[in-house]
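Reading through the structure tokens given below for one structure.
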């Protein structure tokens, strides 16, 4: 059971949320007094409480979601809060639904969405994974961070062929290596205020690192927001090649490292927005004509469940009519379906852009 000091902090946090009338987070929407009273004294076997779940959203009242899972068990123990938030964010994934088993499908059915190279600047597909037997960031000890890094770096070092590369630990990284990784847009920084408030950046930079292959088309972030972020990317629009590289990497890593998986929610991640397939397939794409007709762009994107962001990701503007467009759905569908929906949507956007000449 949570101790008195934690419950006192929780009570104060709940009051703060109640008083914040302009707060629009899903946390505020679903943390009713009834749910709060049911969960406030619960504690996972690794010692995580409701405070670990909600503290980022209490601290940052402008959060969109406002909750994180401190460990895998939190998704079950604090389900009365997580489940409605998951249903709201992952539209259509009801509390009675079960996420399907992993299925990359026929990876050869994916194509180059822009063979002429006129529209798509680059293509990227990523997924997140958590290692079984370890909690998520807020509950990890420094020695666990180091132990995980050792397991992951030895696994990655055994990769062969196109995936063969180098692991760079953030601890003791030289200025030259740091600059090189920044120039390649590979280096991740210490977490933003949302992650900081969730206690996701403790013992930084212990256990954190970056692996990339020699061609710079395959990248793994170790212990950033999730235990593993596995990323495949390249210039141009060859989604097929990018997806095939990702799936072969995930399959290789999975042989050596067991991942946290939940019967109902799929692959588990620190943030509930990434659950399920955890897959985000995106392109940087130039659509000057559609950019001038934002309504049409949003209409087509909506039809294919695509998310349209600015050039540099969330909360940024489109520079020179270049957008970051990705699949929005992660839950209740397979990896194959998520990427296929994105491919169909991008092909449709390019077709419309061409017709607008």
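Each Cβ is built from the backbone N, Cα and C atoms, and glycine gets one as well.
Taken from Swiss-Prot as is:
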{"type": "BINDING", "residues": "64, 65, 66, 67, 68, 225, 271, 314", "note": "L-arginine binding site"}
{"type": "BINDING", "residues": "122-126, 185, 229, 280-284, 309-314", "note": "ATP binding site"}
{"type": "DOMAIN", "residues": "9-91", "note": "domain 'Phosphagen kinase N-terminal'"}
{"type": "DOMAIN", "residues": "119-356", "note": "domain 'Phosphagen kinase C-terminal'"}
* To do: Would you kindly give the Cα-Cα distance separating residue 125 (ATP binding site) and residue 225 (L-arginine binding site), rounded to the nearest Å?
  => 17
* Asked: Mean pLDDT, the domain 'Phosphagen kinase N-terminal' (9-91)?
  -> 96
* Write out the long-range same-chain contacts of residue 68 (L-arginine binding site), meaning residues 6 or more apart in sequence whose Cβ is under 8 Å from its Cβ. => 52, 53, 56, 136, 138, 198, 200, 270, 271, 272
* To do: In whole Å, note down how far the CA of residue 66 (L-arginine binding site) lies from the CA of residue 122 (ATP binding site).
  => 31
* Structure fact -> Whole-Å Cα distance, residue 66 (L-arginine binding site) to residue 229 (ATP binding site), is 21
* Structure fact -> residue 67 (L-arginine binding site) sits from residue 229 (ATP binding site) (Cα to Cα, rounded, in Å) at a distance of 20
* What is the Cβ neighbour count of residue 282 (ATP binding site) at a 10 Å cut-off, with all protein chains included? -> 22
* For residue 64 (L-arginine binding site), which of the binding-site residues 125, 282, 309 has the nearest Cα in space? -> 309
* Cβ neighbours of residue 309 (ATP binding site) where a neighbour is any other Cβ within 10 Å -> 16
* Asked: At the Cα level, what's the spacing in Å between residue 65 (L-arginine binding site) and residue 309 (ATP binding site), rounded?
  -> 18
* **Fewest other C-beta atoms within 10 angstroms, as judged across 65, 67, which are the binding-site residues** => 65
* Nearest of the binding-site residues (125, 282, 309) to residue 67 (L-arginine binding site), judged by Cα-Cα distance -> 309
* Name the secondary structure element type, per DSSP in three states, that contains residue 309 (ATP binding site). => strand
* Under DSSP, the domain 'Phosphagen kinase N-terminal' (9-91) has how many residues in helix, strand and coil? -> 48 helix, 2 strand, 33 coil
* Output the one of 64, 66 that, of all these binding-site residues, has the highest number of other Cβ atoms within 10 Å of its Cβ. => 66
